[in-house]
């Protein structure tokens with residue numbers, strides 16, 4: 001089934017070219033189906049890139065989904081025009097009285113800052129608090145996962161000695177959980193971050209379960225005991241060349257950055273990377289949307305129970 005987005009959203013052209021099923025608003029309006037309402041709080045600088053990456057995965061499921069793109073009012077975006085945000089995004093104030101089946105909080109390239117020094121931290125805290133009563137299941141990605149773990153459970157992040165950068169092997173640690181249903185025994189995920197959360201800190205919180213981890217990249221997938229909050233420390237949504245683009249960007253700035261691990265064939269940046277994470281990414285998002293959103297959310301969203309009960 002398709003995703004429903006604004007008819008003139010630029011990401012739609014890219015998704016259509018990849019044969020991702022996009023439904024125009026006027027067609028979706030005439031279908032007697034309640035689509036899942038999914039909000040995406042896009043904290044990344046270049047909005048359209050993240051839109052395409054996430055909508056590609058969401059659009060590959062068998063569900064009709066209505067997307068609401070959100071941006072923060074308290075942060076001035078330097079890489080996306082105000083006109084673009086006005087046309088395709090809404091603010092928290094505009095949607096705070098609505099309820100959603102799901103919410104995605106993306107990463108942001110600010111992980112070396114203390115949370116309190118992030119200029120939009122107060123607004124983000126308001127959104128995470130609001131999500132307890134207005135969102136059935138929230139998927140937090142990379143820095144968004146670290147922010148969520150810190151806000152909801154007081155779990156800190158730690159600065160790494162060097163950037164964790166590359167594509168790393170992971171293993172499932174809780175095979176019976178629905179979120180990892182169908183996962184291979186070993187699977188790969190891209191990571192690009194300067195900070196981490198530690199396993200021992202997560203294990204101290206009885207409401208949380210670690211579902212997957214990596215010897216090199218550490219804790220990867222964390223689930224709360226009600227399935228209402230999911231934390232993903234990597235970037236399974238990344239495009240084939242995202243890590244290359246980040247690497248070349250940092251090299252051009254003169255930064256002392258190592259080549260992404262397990263990414264370029266023979267560690268040759270002139271060779272095309274082999275994608276090892278696409279199937280896992282599709283399965284992660286489809287499992288979340290099916291088992292933790294579609295199967296659990298009441299048909300009438302006004303009947304949604306708060307996550308703290």
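Quick reminder: no glycine exception, Cβ is built from N, Cα and C everywhere.
Features reported for this protein in Swiss-Prot:
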type	residues	note
SITE	111	site 'Important for acyl-CoA specificity'
ACT_SITE	142	active site, acyl-thioester intermediate
BINDING	163, 192, 249	substrate binding site
SITE	192	site 'Important for substrate specificity'
ACT_SITE	235	active site, proton acceptor
ACT_SITE	237	active site
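In the three-state DSSP assignment, the secondary structure recorded for residue 192 (substrate binding site) is strand. Summary for the recorded positions 111, 237: the Cβ-based neighbour count within 10 Å is maximal at 237. On a Cα basis, residue 142 (active site, acyl-thioester intermediate) lies 7 Å away from the residue listed as 'active site, proton acceptor'.
Within 10 Å of residue 111 (site 'Important for acyl-CoA specificity'), judged by CA to CA distance, lie the following recorded positions from the set 142, 163, 249: 142. For the recorded positions 142, 163, 192, 235, 249, counting C-beta atoms within 10 A of each C-beta gives the highest total at 142. Of the residues the record lists as binding substrate, namely 163, 192, 249, the two whose Cα atoms sit farthest apart are 15 Å from each other. The substrate site is set by 163, 192, 249; from the centre of their CB atoms, other residues of the chain with a CB within 8 Å are 165, 243, 246, 247, 250, 257, 260. With respect to their backbone Cα atoms, residue 142 (active site, acyl-thioester intermediate) and residue 237 (active site) stand 11 Å from each other.
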